[in-house]
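What TrEMBL records for this protein:
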- 31-418: domain 'Nitrogenase/oxidoreductase component 1' (DOMAIN)
- 31, 56, 117: [4Fe-4S] cluster binding site (BINDING)
Ligand code: SF4
């Protein structure tokens, strides 16, 4: 066995749960800056100031697309060459840029200083800068910092580190009170659907993190029960646990089965009966089943491979296999957080080829050998695979589209059916 093969050792896992191949090597994924695109849409009074290079500015612009109708609430303070020589100038320049942003944008209540590879390399201390700027602009704006550098984060981890920076700011939930805290960015329309279901179940009060307004941060404390809406928020979950919250063990609300299991975890914690859960969910489940039927016809029997990118791979693979009849060739995820993924792993076939980490060349070789009907991957790998006649799906679409909950189950399936339909048309 070669040393590279040794690195891909097969882990010893508990019975019924797939073995995990661990791969280490070159990765090809976006950095955490991409998270700003969906975070700035959600937190409507927040501004994200990336302290980085022109490359960072380009990445952000291309990930966000061109925003014509709204003044975007993100920008890049570009580090110039002379900044690399003197940090004092750099801090002065940062203070000037922040003052400028705040003067122009009276609606901004929280400003995130977002670290990047260049700011890390020159060791610009953004937490000190955030402290200094918070003092300077006290009463006007809250200034927080986090690092989304590609040295430390993959693209969905950007949300995790952002929410973690908010966690110490959350007010304390009063002793003796309890609440449900749903964690992870959801489009407002999906958040409203879930809020209605929780209300009908008699579960409450329910808070969402991140909130729509940064001035309305949800409380956290011993009585908080946390339901993660996204599987890539491990550090935030642990920070909330340190503040006394209890993490509910549940699958993720993707597809009918995942959404029902997710709601059931909250229902169990609030002592809601199975019968009531069935009553409240019957209509949206019936709607979702009708919507899914057509997509299932297109997807059943098709073979799919996931390359590691978003950390959404496992719950979505579970949905596509169990509810859409797809065959999982390989499911790879950048990180496998056991604590957060336990309920999902139980639902995967025990003989699944499950990979953690990436050695991009080896993985591409496997895709070429397997020739799945569809490969889910990052933008950078999609074009070369398409050029080889393989159909692909960009994983970044999964964080830009409403995919959670019963009413979005068919839309989620359609995201995968579309490239297959297009591919079939091209062959005609
Ligand atoms: S943070 Fe690093 S990886 Fe991300 S765009 Fe900037 S230079 Fe590139």
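Just so you know, glycine gets a Cβ as well, placed from its N, Cα and C.
Please treat TrEMBL annotations as automatic predictions, because they have not gone through curation.
Feature annotations (TrEMBL) mapped to structure.
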residue: 31; record: [4Fe-4S] cluster binding site; DSSP (3 states): coil
residue: 56; record: [4Fe-4S] cluster binding site; DSSP (3 states): helix
residue: 117; record: [4Fe-4S] cluster binding site; DSSP (3 states): helix
Taking every residue in the domain 'Nitrogenase/oxidoreductase component 1' (31-418), what is their average pLDDT?
93
Inside 8 A of the center formed by the CB atoms of 31, 56, 117, which other residues of the chain have their CB, for the recorded [4Fe-4S] cluster site?
33, 52, 53, 55, 59, 116, 118, 148, 149, 150
Any idea which of the binding-site residues 31, 56, 117 has the thinnest Cβ neighbourhood at 10 Å?
117
